[in-house]
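What follows is a short report on a single structure.
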Amino acid sequence: MKDFQDQVAFITGGASGAGFGQAKVFGQAGAKIVVADVRAEAVEKAVAELEGLGITAHGIVLDIMDREAYARAADEVEAVFGQAPTLLSNTAGVNSFGPIEKTTYDDFDWIIGVNLNGVINGMVTFVPRMIASGRPGHIVTVSSLGGFMGSALAGPYSAAKAASINLMEGYRQGLEKYGIGVSVCTPANIKSNIAEASRLRPAKYGTSGYVENEESIASLHSIHQHGLEPEKLAEAIKKGVEDNALYIIPYPEVREGLEKHFQAIIDSVAPMESDPEGARQRVEALMAWGRDRTRVFAEGDKKGA
């Protein structure tokens, strides 16, 4: 996607931080912005600020964990703008830090519910509508650098972000034939209010094994206050969308750590000489299955047409 003029952009977590940064950057490039966020006052304020910049904006209060609410939001977008979004940004996210061995079911349900299930809800809601519209489009999910490696202090978060990276890799393969690009942005620290996320935690997920108080929130703020500015991150995301890049990682300081992490994985792969015949048979079987899968799915599409 090179031209953002009159594109309809639906941005979750769009009222602040990385989401609002994208709202401004894509809006100033000509897109019509839908700010979707769980905080009603923040949505109203964000829309007013965008409109003050001359950006066409519409706000929707949305809990991305609520699938029925997501469907209503999609209907509202089509009613307001006359079409499904052509640019979807899954940006909303939460985090909570604590020893992984003390993680409760509620910790998992809330953190994974927002960071993974919220993304799934966005994809299942909008992808069929985007395909049906026949318009070229793009989807970007804001994951995390933490999705590339596990963390003993952010276990559910890293697991959810890892899954979202994998999910976008799959959707990218599947949506290419429809003219819909897919990218995943994996930030390190962002100058945002994600440290305040625990204040939005629903009561039904209230049993936590982590320490969440004013001191812990202040500690997190000390990290994020030095993070990448949201609009700078948004500019990198915009360029990634323009280039149809799969990965968007505008953090030069993380290269060495990623190289070490993935080199350790590569070094763990058995050498070819350890089982050449078995490797040949497995590859041939996989390729044969791939050809058969393509045929079966093609026949299934014809029957469903």
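Cβ coordinates come from backbone N, Cα and C, glycine included.
Worth saying up front: this structure is predicted, and the values here are computed from it rather than measured.
Feature list (source: Swiss-Prot):
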BINDING   10-34  NAD(+) binding site
BINDING   SER144  substrate binding site
ACT_SITE  TYR157  active site, proton acceptor
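SER144 (substrate binding site) falls outside any helix or strand according to DSSP and counts as coil. A C-beta separation below 8 Å, combined with a sequence spacing of at least six in one chain, links PHE26 (NAD(+) binding site) to PHE4, GLN7, ALA9, ILE11, ILE33, LEU87, ALA234, LYS238. Cα separation, GLN22 (NAD(+) binding site) to SER144 (substrate binding site), rounded: 16 Å. In the three-state DSSP assignment, the secondary structure recorded for PHE10 (NAD(+) binding site) is strand. For PHE10 (NAD(+) binding site) paired with SER144 (substrate binding site), the C-alpha to C-alpha distance reads 20 Å. Measuring Cα to Cα from the residue listed as 'active site, proton acceptor', the binding-site residues that fall within 10 Å are SER144, out of GLY14, ALA18, GLY30, VAL34, SER144. The Cβ of ALA18 (NAD(+) binding site) lies under 8 Å from the Cβ of THR91, VAL142, PRO187, ILE190, SER192, PRO230, LEU233, ALA234, each of which sits 6+ residues away along the same chain. Here the Cα atom of GLY14 (NAD(+) binding site) is found 17 Å from that of SER144 (substrate binding site). A count of other CB atoms within 10 A of each Cβ picks out GLY14 as the most crowded of the binding-site residues GLY14, GLY30. VAL34 (NAD(+) binding site) carries a strand DSSP state (E or B).
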